[in-house]
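As given in TrEMBL:
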{"type": "DOMAIN", "residues": "78-188", "note": "domain 'Phosphatidic acid phosphatase type 2/haloperoxidase'"}
{"type": "TRANSMEM", "residues": "48-70", "note": "transmembrane segment"}
{"type": "TRANSMEM", "residues": "77-95", "note": "transmembrane segment"}
{"type": "TRANSMEM", "residues": "115-133", "note": "transmembrane segment"}
{"type": "TRANSMEM", "residues": "145-162", "note": "transmembrane segment"}
{"type": "TRANSMEM", "residues": "174-192", "note": "transmembrane segment"}
Amino acid sequence: MNKRLFVAGFIAFILFLILRYVYDLPIFVSFDKNMQALVGENSFIGSFHYLGELKVISLITLILLGWLGFKHPNNSRIIFVLFTIPVGFLLNQLMKNWVKRPRPEIENQLSSYSFPSGHAMLGLLYLLTIAFLLSERTTVEKKKWWIWIVAITLAFFIGLSRVAESRHFATDVMAGWCLGVAWFCLCVYWYIHKSSNQLKRD
């Protein structure tokens, strides 16, 4: 498990770095334009952006922390959530200010930087965090699969919604997913390591 997490996280981070340095190459500029033409102004896909709004994610994070603190007072789980989502947000902002890529040129565009997409990264992080914690609570493999499928599907559409609304380039969204997966794998690795050490002490 730990080896798979390391490999998955490493590959995702390498893909993020590749996207960071190639997004302005003609082939990727063309890819961004084609994706915009494919899903642009799709109101159904665009509606998923609400699930990735910072206010929604903040509220869900507070509820999750409250639930863990009240029902399952486990410091490791609480720290895990704090690292995956709030620290993940700070990491996203750090990367945005490092790359400083402008957003697509549309009327009334947002003023913040574009790469990587915050909706894509944070949407993926909070949904995978919930999926991970829920899958811990069930031994039924079929339920676990459905939990992960729903989380990944929602994360996919949250990211795609930013292309549909012209708030991001498709490469911004892909980078957000890649960095989100890399950070999530690192946090899960820490959590599993911490939990196994706790079991040994007990």
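Each residue, glycine too, has its Cβ placed from N, Cα and C.
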Margin query: Contact between the transmembrane segment (77-95) and the transmembrane segment (174-192) is defined here as three or more C-beta pairs under 8 Å separated by at least 6 residues; is that satisfied?
Written below: yes
Note to self: Cβ under 8 Å, sequence separation of at least 6 from the ends of the transmembrane segment (48-70): give me the contacting residues as numbers and ranges.
What the structure shows: 77-78, 81-82, 85-86, 89, 118-120, 122-123, 126, 129-130, 133, 154, 157-162, 165, 167
Item checked: Helix, strand and coil residues within the domain 'Phosphatidic acid phosphatase type 2/haloperoxidase' (78-188) as assigned by DSSP -> 84 helix, 0 strand, 27 coil
